[in-house]
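If you check TrEMBL, you get these features:
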| type | residues | note |
| --- | --- | --- |
| DOMAIN | 5-179 | domain 'Thymidylate kinase-like' |
| BINDING | GLY7, ILE8, ASP9, THR10, ALA11, GLY12, LYS13, SER14 | ATP binding site |
Amino acid sequence: MYIALEGIDTAGKSTQIELLKKEFENAVFIKEPGFTKFGEKIREIIFHDEITKKAELFLFLADRAETVEKVIKPNYNKLIISDRSVISGIAYAMEFFDFDLLVNLNRFATDGIFPNFVFILTLDEETLKSRLSQKEHDNIEKRGIKYLLNIQQNMIDTCNRLEIPYQLIPANSTIEAINFRIKKVISEFV
Ligand SMILES: Nc1ncnc2c1ncn2[C@@H]1O[C@H](COP(=O)(O)OP(=O)(O)O)[C@@H](O)[C@H]1O
Ligand SMILES: Cc1cn([C@H]2C[C@H](O)[C@@H](COP(=O)(O)OP(=O)(O)O)O2)c(=O)[nH]c1=O
């Protein structure tokens, strides 16, 4: 079972992942981008260099291809929980590129391995503003509030269009309430 936690920047994904690590000790936890050694180098470039949108897209795809081959495929019989996935890959890039092209590129990069279930932590505008004001911004976050809210909608649209089952969870619920909902669904799968 391959499960992804999705949500725009500051939605609370890594907070939830840290809790799940204690609760599902036998699961394999991954993160995109930058889980593999190669991925760490890719992160450096994506977040610090001024590169074109197309070059950025290919770097995210290269990172995903490496993670699928080296981590997801060998562990596919286990519970895999990922901080971001192909859903982010498509949702961020569809602001700039054609959806069907992105699906094809991602199918090629992953050999068609997409998450079986996705949680999307959804932020309202006020909460997003307040959370973003509390952190330093990388290249992508600097693009703004409206941009990020669009991406959030793109995530939902992407799950619908790819027919991947998903659950929306309001990101302004308490950390404990979100954890409870995620745990409940995962426990039904394992
Ligand atoms: N449910 C929540 N309620 C209030 N604050 C939260 C909640 N979840 C996370 N946070 C805080 O919001 C910020 C972003 O959370 P984080 O887990 O890093 O998000 P992401 O990994 O999605 O970028 C952190 O300061 C974190 O402590
Ligand atoms: C996986 C992926 C992420 N992204 C973006 C989303 C985020 O802005 C950034 C990842 O940032 P990161 O710091 O890893 O995560 P977070 O903000 O959730 O703590 O890269 C893409 O644009 N395309 C992708 O394929």
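Glycine residues also receive a Cβ, built from the backbone N, Cα and C atoms like all the rest.
In the three-state DSSP classification, GLY7 (ATP binding site) falls within coil. Other residues of the chain with a Cβ within 8 Å of the Cβ centroid of GLY7, ILE8, ASP9, THR10, ALA11, GLY12, LYS13, SER14, the ATP site, are LEU121, LEU123, ALA171. According to DSSP, LYS13 (ATP binding site) sits within a helical segment. For ligand 2, the nearby binding-site residues are ASP9; that is, of GLY7, ILE8, ASP9, THR10, ALA11, GLY12, these have a C-beta under 6 Å from one of its atoms. Screening the binding-site residues ILE8, ASP9, LYS13, SER14 for a C-beta under 6 A from any atom of ligand 1 leaves ASP9, LYS13, SER14.
Non-local neighbourhood of GLY12 (ATP binding site): LEU121, ALA171, ILE175, ILE178, each in the same chain, at least six residues away, with C-beta under 8 Å from its C-beta. Looking only at other Cβ atoms within 10 Å, the busiest spot among the binding-site residues GLY7, THR10 turns out to be GLY7. Averaged over the domain 'Thymidylate kinase-like' (5-179), the predicted model has a pLDDT of 96.
Most Cβ neighbours within 10 Å among the binding-site residues ALA11, LYS13: this distinction goes to ALA11. Cβ neighbours within 10 Å of ILE8 (ATP binding site), excluding its own Cβ and spanning all shown chains: 29.
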